[in-house]
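Read through the structure below, which is laid out as structure tokens, and then see the notes.
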């Protein structure tokens, strides 16, 4: 197996990744990533380091989007039953995730080795799963790929949800209020996804939770067939059989989870009140921390200071992942980013007005709501502008040279458009921070 290129950071700790993480044994390997056990030199704690080949990702836009989505989602989640993402780092060729190390491994392996679990243990894991899933839903995150392979067990026997690469955010919901992307593993796919008419992420996750619970107690999948189309037919019709050892209460509960009609399928709130679920005592879950979520940041300076590293990483000049996220690289090497308190809409209007005044050819990028490509007469220079919301208070403006003459680019960007945008930002804003 080829060695992973180790990139040391500043300092004398050249035998450690970025001078921070000492890599140990290989935990897993895939087509685009390897996961190593590692030790954090600063704390002595074990971590898992996922290493991805950026070049390979750039040849697979869908996977690159999954990685971007995973960073975006995991940095906003903090829950005892969700794997914690500590840090994201990068070199020119690789991306590194430093994550919580979950010693017990996959729940899937536990079932494969030891067979089905008792109802009591299954209930405990399921309660923790619902705690994590409900927490995600309360924050507009839908996992869409819940299965035992993505559920880990720590040394204390607690469940941890991982792998948010296929997750959806509320801003991916179309005007009809539904998601439309075909995601998930075949045996866990909800029937409404197969209809391709759109679906609600929360209800799809509940279905997958039902499949997981069935597998925990039965030791096998409710819908299984060597022929995938036959399996889909069974899912669509809800054709499955309970094992004889399932209790009547559990059969009733699973039937509500695996209701093929999403409109009548049990909800998270209803799950929390179900007799089978609460048996043995269960602490009521509070999915929203009102004290934290009601706090308001008083100024943009405070907001800049408190920004999570995962918010800034794709804009940082030292660890620039924006080439990966945009699916292309910046061959000219000229780019600049700054923060603004103005709305993306207002800044976009300024950019469009500037293009008209300067007689520049401009087109909007399909993949970005506020992304523009501008080109001077005869192709003398090209500028790419991306305006994206960073959080509730701040917006990032990014400019990149897209070929052409460097002096013309500097004249247009540094001498004109940048000045105009910053002037607009300064009209009512006290803060304008460069990144």
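Each Cβ is built from the backbone N, Cα and C atoms, and glycine gets one as well.
Among the ranges 273-302, 303-332, 333-362, the stretch that Swiss-Prot annotates as region 'PPI' is 333-362. Within the set 163-192, 193-222, 223-252, the record from Swiss-Prot flags 163-192 under the feature region 'Activation loop'. Of the listed recorded positions, namely 27, 145, the sparsest CB environment within 10 A is found at 27. Taking CA atoms as the reference points, residue 33 (ATP binding site) and residue 145 (active site, proton acceptor) are 19 Å apart. Each residue contributes its Cα atom, and for residue 29 (ATP binding site) and residue 145 (active site, proton acceptor) those atoms are 19 Å apart. Fewest Cβ neighbours within 10 Å among the binding-site residues 29, 33, 35: this applies to 29. Of the recorded residues, residue 145 (active site, proton acceptor) and residue 35 (ATP binding site) place their C-alpha atoms 20 Å from one another. Per-residue pLDDT, averaged along the domain 'Protein kinase' (21-277), amounts to 83 for this model.
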